[in-house]
Amino acid sequence: MAHSQDTTHEETSTTSSFTPPSTRPSMGPPTSTTPGTGAQARSHLLNTAYNNANSNNGDDDNDNTIYYNSSRRPVTPVPVSITDFRLFDGENSPQNIAVYGFGLGALFGGSVILATMVGTSIPQFWLFLAALGVFHSLEYIAIALFNPTKLKLDSFLLNHSPEYTAATAAGITEFLIELYFFPQLKSWGLLNKIGLVMVIIGQAARTLAMFSAKSNFSHHVEFYKEEHHVLVTDGIYSLLRHPSYFGFYYWALGSQLMMMNPVCIVGFAGALHHFFSERIQYEEQCLVRFFGQSYRDYQARTHTGLPLIK
């Protein structure tokens, strides 16, 4: 929702293999027990450490090992199997976060390189993939920064819904089919640039909304008002009532215009209007219940910025 949504200390043992003086092979004439310089001083220090360690132990195990911590309990390594590193299991684990983050970063970086290469014939396709990498990364980052108690692996929104997955796949499929049969339709021109500008504006608006709402932002409609919820009306919220929805609406339409996907442009426009008109209506009912007249006054002086949705 836009504005109401929102050690144990393990002591380790450091060991060092050391051969008792009585069993070391002779390396020269006997040395004095008085510390001197160079090799004699080092030998004296090692002998002292060995004797102190054994005298403090109080046993006869003679394991020829120096323990530098007070417990003298070496840490037994725990066997680790490759199956312990579970990936893609839906858990918000460090390994999953690392894999998802690396994948999105590689998608963005590789796509930008391909889009800016001299001689590329389809920069719009690579720019679309780069935009996907940025979009999903920022969704997770915003929740991690401002709403960590609700942070999940799903906060990347990679599996947001079957409809979102189908729409993304449809956009890519239409582009590739039309590239094969109508390559002239996929040339880079003014409309592609307008679409790119829409993508940038949409992403900027959505990110600014998330960073302005902070802990009040959530990917889901909140049914109950929590203690930390406040009505955010400053910044971008002073201009737009649902800036995150505004941002995604124009990001999605702009991406299809940038790729010159006429079928998906029409389909996206219809689907987005249907989705946001219903969601905004329901969400604002909740907000009126949360904030009463304050929200009604806010409604009266702001707009959604979405066509045909006041």
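Placement of Cβ uses the backbone N, Cα and C atoms for every residue, glycine included.
No curator has checked TrEMBL annotations; they are predicted automatically.
Under the heading compositional bias 'Basic and acidic residues', TrEMBL lists 1-12.
Residues annotated as compositional bias 'Low complexity' in TrEMBL: 13-38 (among others).
Residues or ranges marked as compositional bias 'Low complexity' by TrEMBL: 47-57 (among others).
What TrEMBL lists as region 'Disordered' is 1-70.
Panel annotation: around the transmembrane segment (97-118), residues 87-88, 126-127, 129-130, 132-134, 136-137, 140, 153, 156, 158 of the same chain, lying at least six beyond its termini, place a Cβ under 8 Å from a Cβ of the stretch. If you look up TrEMBL, you'll see 97-118 (among others) marked as transmembrane segment.
Marked as transmembrane segment by TrEMBL: 125-144 (among others). Under 8 Å from some Cβ of the transmembrane segment (125-144) lie the Cβ atoms of residues 100-101, 104-105, 107-108, 111-112, 114-115, 150-151, 155-158, 168, 171-172, 175, 179, 196, 199, 203, 206-207, 210-211, 217, 219, 251, 255, 258-259, all in the same chain and six or more residues away from its ends.
The transmembrane segment annotation in TrEMBL covers 194-213 (among others).
Per TrEMBL, the feature transmembrane segment maps to 248-272 (among others). If one looks beyond the transmembrane segment (248-272) by at least 6 residues along the same chain, the residues whose Cβ comes under 8 Å of a Cβ in the stretch are 124-125, 127-128, 131, 135, 163, 167, 170-171, 174-175, 178, 185-186, 191-192, 194-199, 201-203, 205-206, 306.
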